[in-house]
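Engineer: According to TrEMBL, the feature domain 'EF-hand' maps to 20-55, 66-92.
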Amino acid sequence: MALKNNTYRRNISSDGKLELSLQEFKKWLKRFDLDKDGKISKEELREAVRANGGGWFSRLKGSHGIKVADSNGDGFVDEKEFINLVEFAQRNLGVRII
């Protein structure tokens, strides 16, 4: 699992989900902001899903995640919308944000 590296706590809950603080989750997700514009695009979120074991469904999950989190409809998740990704991540990335 991509989230399980040395920079993140390794707290695994009884249901097998990796527990991260909101700050740890933000830090992890920002690794996928390849153009460093401070926003997460559909392609960048797709890569985050794929890197965390999303496999064949990474394209679909990435698109769905943007639709869920992108409240202003510009096709990106910015800092103001970031919290909207938490629920998506808990359902689709095998993490629990604590």
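Cβ coordinates come from backbone N, Cα and C, glycine included.
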Engineer: Please give the average pLDDT for the domain 'EF-hand' (66-92) in this predicted model.
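Structural biologist: A mean pLDDT of 88 is what the model gives the domain 'EF-hand' (66-92).
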Engineer: Is it possible to list how many residues within the domain 'EF-hand' (66-92) are helical, extended or coil according to DSSP?
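Structural biologist: Output for the domain 'EF-hand' (66-92) reads 13 helix, 2 strand, 12 coil.
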